Amino acid sequence: MPLREDRAINQQLHSIADTDKLKSSPVNQSILKIWGPSRLKGNISISGAKNSALPAMAATLLSSGVCRLRQVPCLADINIMGQVLSALGARIKHNTNTFTLDIDASIINHHEAPYELVRQLRASFFAIGPILARLGVARVPLPGGCAIGARPVDLHVRGLQALGAEVHIEHGMVNANISGSKKRLQGAKIYLDYPSVGATETLMMAATLAEGETIIENAAKEPEVEDLANLCIAMGANIFGAGTKRIVISGVPKLHSVDYTIIPDRIEAGTFLIAGAITNSDISISPVVPKHLSAVISKLQSVGVKVIQETSDSLRLLPSEILKSTNIKTQPYPGFPTDMQAPFMALLSVCSGTSDVTETVFENRMRHVSELNRMGANIRVKGNHAIVKGVPKLSAAPIIGTDLRASAALILAALAAEGETTFQGLQHLDRGYEQLEIKLQKLGAKFERVDLVEENEIFQASI
Ligand code: UD1
């Protein structure tokens, strides 16, 4: 849908100086103190999906007009993606009161994404597709591995090559350009060896501006892929089948402005449902798309809690005194999401009986286990498999989060644990959960964010 008031929005857009505000976001030096056990009550409002907003921001590079994205959460990752777009020449304004992000990518005068930013945010690599499709050339650093695994980008690269790009990797940089006399990428048949979310998104975005038809077989079916396709369609792209394993894109020469609302975050929603279950609480969450949470709801029901759909976009969790074990195995959507594995394991640690947890998506996603065990859980890990023997209760301890979802898992455990937990790792949590502790505090949880610098000063003064 083209924007009717491009010019008005344009006038509101600040220059690159605005994006400097993003750069000066405070570095997270805080710890979180959590007092448990908590009992929660009330309604939690769910933010827009981080994993939709990030590729959506990259997709605005495809448009030569001004794009408005709504329900964009205020998160560190969004700030970094904003800085990447800004480094390419886009002008950005994030109104954090209305969760609206205006991106003017009419002028893109750089084709290289800075390493300093890409290394902090793997998803910013996904911008390679739009940069290449729009400018015919792109230089994006390899993002490298991260706390949960090696995370290669070979499927992105091979797909771009199939679309006619010349790609060579040297000195840690992926250099891609449209080869020969062709000005546009060329439609192609692409089979993904694995239904990678990011590769599907990179290639779908690149193919929107390609000449001819592209078919992506074995595509990822995640709701965020479908959301990205809907955004591109609203910008004038021809995309069919997003949300299924076969996506067909018929390229167009140009995409236009858009005003688009990001879907609710299913991972944040699932995390709050688990918060309700682990604290034996009656809570509601909205807005959500209940269908996106099917696997998580089904497993919550297996452990004994009830999840009822109150309205088309809200869910209520009714607690159960007795929580029973269940098995989970992570899989691409519509299977159980890997991003919910750690938070769900926190819940299983207090379910009676023995639960099996198998991680199949990432190779190194069990680092929360040792910290959960320090809180009294009884979990044994072998490779990508965990055996969780339920314990009657957890006890508070100093804990460290190693990645985003591991951190969420530890916070959930702390809500149920007796005593004062000190959590380190807010830099991970703040990447992907908007005001997690403030939302939980409203329901009755007891948190305090403590500035480490202040703590040190107090300590020194008392020596
Ligand atoms: C996205 C999500 C992340 C989620 C993951 C799986 C974003 C910003 N992040 O990450 O939260 O956990 O989907 O649902 O949307 N792989 C390759 N080669 C590639 C690409 C991927 O081997 O070129 C492998 C990965 O190493 C991993 C598996 O495929 O083992 C799945 O990764 P992928 O679906 O690509 O995850 P992301 O898009 O990075």
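Numbering starts at 1 and runs along the chain as it is shown here.
Note: Cβ is positioned from N, Cα and C throughout, glycine not excepted.
TrEMBL annotations: computationally assigned, not manually curated.
The active site, proton donor annotation in TrEMBL covers C146.
Under the three-state DSSP scheme, N51 (phosphoenolpyruvate binding site) falls in the helix class. Same-chain residues at least 6 positions away in sequence with a Cβ under 8 Å from that of N51 (phosphoenolpyruvate binding site) are, in sequence order, A123, V197, E222, E224, D265, I267. The phosphoenolpyruvate binding site annotation in TrEMBL covers K50, N51.
In the three-state DSSP scheme, D154 (UDP-N-acetyl-alpha-D-glucosamine binding site) falls into the helix class. Around D154 (UDP-N-acetyl-alpha-D-glucosamine binding site), no same-chain residue at least 6 positions away in sequence has a Cβ under 8 Å from its Cβ. Per TrEMBL, UDP-N-acetyl-alpha-D-glucosamine binding site is recorded for R122, R151, P152, V153, D154, L155, D339, V361.
For 36-439, the entry in TrEMBL reads domain 'Enolpyruvate transferase'.
Residues or ranges marked as 2-(S-cysteinyl)pyruvic acid O-phosphothioketal in TrEMBL: C146.
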D339 (UDP-N-acetyl-alpha-D-glucosamine binding site) in three-state DSSP notation: helix
V361 (UDP-N-acetyl-alpha-D-glucosamine binding site) in three-state DSSP notation: coil
For UDP-N-acetyl-alpha-D-glucosamine, whose listed binding residues are R122, R151, P152, V153, D154, L155, D339, V361, the greatest C-alpha pairwise distance in Å: 22
Neighbour tally for D339 (UDP-N-acetyl-alpha-D-glucosamine binding site), based on other Cβ positions within 10 Å of its Cβ: 22
Other CB atoms, at most 10 A from the CB of K50 (phosphoenolpyruvate binding site): 25
